[in-house]
Each structure stands twice: as structure tokens, then as C-alpha cells.
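Visitor: Pulled the feature table from TrEMBL, pasting it below:
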type	residues	note
SIGNAL	1-25	signal peptide
TRANSMEM	52-74	transmembrane segment
TRANSMEM	86-105	transmembrane segment
TRANSMEM	125-145	transmembrane segment
TRANSMEM	205-225	transmembrane segment
TRANSMEM	237-259	transmembrane segment
TRANSMEM	271-291	transmembrane segment
TRANSMEM	297-318	transmembrane segment
TRANSMEM	339-358	transmembrane segment
Amino acid sequence: MVTTKTVMNFVYILLIIFTFTVSPAISTAPESCDSGSENPCINKAKALPLKIIAIVAIFTTSLIGVMTPLFSGYISFLRPDGNGFMIVKCFSSGIILGTGFMHVLPHAFEMLSSECLSDDPWHKFPFAGFVAMLSGLVTLAIDSVTTSLYTVKNVVRPVVVDEYGIDQEKAIHCVGHNHSHGHGVLLSPTKDDGPSDPQLLRYRIIAMVLELGILFHSVVIGLSLGASNDACTIKGLIIALCFHHMFEGAGLGGCILLADFTNVKKFLMAFLFAGTTPCGILLGVASSSIYRDNSPTALITIGLLNACSAGMLIYMALVDLLATEFMGSMLQGSIKLQIKCFAAALLGCTVMSVVAKWG
């Protein structure tokens, strides 16, 4: 039986694999790609306090962003069944889409086309686009197979009700107010220790896969920032990353809210998101003496991970979030609401595009 616990275990396995994958990135850069030791902005003593500020600022803004949707139930405008909540969801989906297209995928192309990589094969094949495409297809397969297995396992099955009505109460609850006192067959769903609503299961899969894709990107961001000693670059990145993570957190928080996890899981996922980039920064600081972000191994490893993350984010935003909402009964029944939601999604993409330009 496929339950959210099974999917969560799968996510944990991927995270473990990711941990071992990042380690080869700690290598030295060739002399031809040494990033200019004459740069006056390279100052380890000045960069360290900025990194500490970045850890606190990014954690705080990330937590604000991801937690805000979780408390939306206390705001009448954001009732889960209201138009306001639908508009906010589309805005959040636009944020996720913008993150994939404007932040993660361009970074993947930039890294995998670096002059520090050998011409063959890295400059002769678009690996970033290829990996992003495969990542989207794998996400589709996970999404489809998981939902399919759950549906097959929980298909409505016949239950025989005897003349004494032993199962009659349960059967009546399932089929309505029909009364049956003789032998017969009534329909009753099988028992399941997971969510009883297939749509709820989909929401949970979406939330977990989306968080996985974001975590990949967040670790990479933190690692690069922590390993850098360019004080000038770090100053600009702090502001850009705070806005980036706050809006990205809002998109993720909306998905976590719809998944209807227990409060413990909600807060665990929220803190995991908020703490990933700061942890990446700490890892980068610890390895700054041996890590070179322009070494071939680092460029390939992080570039491929970014491409993988981009494919997941783009698929989730377009297929599981935007398409699902726009083709749903609520938006299909109101052209006016469709226009508002489209504008909200476009605004979300615009925000992330501005942050990309700024950062």
C-alpha cells in the first residue's frame, strides 16, 4: 500500500543520496580557473560576519514566508474555500514556476557551460536541459504511479450484508439512506491507514516532492554562499536571497497547508525548509579552505543538481499546481476569477524575475 509514510521514506532516501553526491564537489580548481586572487573584495575576515548575518536573516525570512500560509485559517479573507485563498495559491504557484525558470535552471546552464569544464562533452551537449527534462519525467512517473497504486488499493469493493444487518450501519453510511434487511451486496470502501481522499494523497505527494526540489536548490545556494569570501557579492546576495526564500516559502507553505498534515509534520517541514540554506552556509564556511566553486567537480555536481531541481519545480508548478487549479470546477465556473488567478500567477513569476535581475 502506498501511503504518505512510504513517499516520505522515499524522499529521505533521496536526501541521503544527495548528501553523498555533494561531497565530491569539495575539490580544488585548476590554475587556469582560479577566480582572481587580486580581487579587492576577497576578504575572509569581512566575509565571515556577513555570512553570520545571512544565516539569521535567511532563516527568519524563510520561516516567515513558509509559516504565513499555515496560519491563514485565522484570516477570513484566506478561507480555504474562498476566492481569496485560490488567488493566493495561484500567486504561490507563480513563485514556484518563476523559481524554476528564472533562478534554478539558468544557474544549471551557467555552471554546466563554464569555461572551466572540458569542451568534450560539456560544451557539445545541453546537459542542463536534458537533466531537467528527465527530472520532470521522473517526477511525473512518481506522481502517476503513486496515485495509481493508491487508487487500485482503495477501489470500492463489495461487502456482503447478512439478514441481521451486521454491516448495515456501515453500508448505509456509504450508500445513503437506503435500507436493506435481506441478503445482498452493498458497496463499501476498503480500510486504509493513509488518507481516505485520493486528492488529499496527491496534495501530500505534491508537498513532499516540491520540498525535495526546493531543498536541493537551497543546499546548493547555502554551500556556494558559505564558501565564498567575496564580501561585495555576499552583501547583495543577502537581500536577494531573503526575498527569494520568503516568497518561495509562501509557495511551499500553501502546498503544505493543502496537504493537511499533522501539526508536527507541518512545522517539521517548515523548519526543514527554513534551516536548509543556513545549514548549507555553515557547511560552506567549514569547507571554504578546500571548496572551490569553479572546480570542474563542483560545477558538474551542483550544475546537475540544479538542473534536477529545476525540472521538479517546473513540473510541479505547471502540472500539479497551476493546471490542476485552472482546470478545476471553481475556476472553470468563473471567468472573472480565472482572470484574477492568472494575474496572480503572472505576478508571482514577475516577482521572482525581478529578484533574479536584482540578485
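Placed from the backbone N, Cα and C atoms, the Cβ positions cover glycine too.
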Visitor: What same-chain residues lie close to the transmembrane segment (205-225): Cβ under 8 Å, and 6 or more beyond its ends?
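Guide: Residues packing against the transmembrane segment (205-225) from afar: 4, 7-8, 11, 14-15, 18, 22, 25, 51, 54, 96, 99, 103-104, 107, 139, 142-143, 146-147, 234, 237, 241, 245, 248, 252, 255-256, 258-259, 261, 269, 272-273, 276-284, 287, 291, 293, 302, 305-306, 308-309, 312-313, 316, 320-321.
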Visitor: Would the transmembrane segment (339-358) and the transmembrane segment (86-105) count as touching if the test is at least 3 Cβ pairs under 8 Å, pairs 6 or more apart?
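Guide: With 3 or more qualifying Cβ pairs, these stretches touch.
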Visitor: Quick test of the contact rule: Cβ under 8 Å, at least six residues beyond the ends. What residues does that give for the transmembrane segment (237-259)?
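Guide: Result: 50, 53-54, 57-58, 61-70, 72, 80, 88-89, 91-93, 95-96, 99, 103, 200, 203-204, 206-208, 210-211, 214, 218, 221, 225, 266, 269-270, 273-274, 277, 321, 348, 351-352, 355, 358-359.
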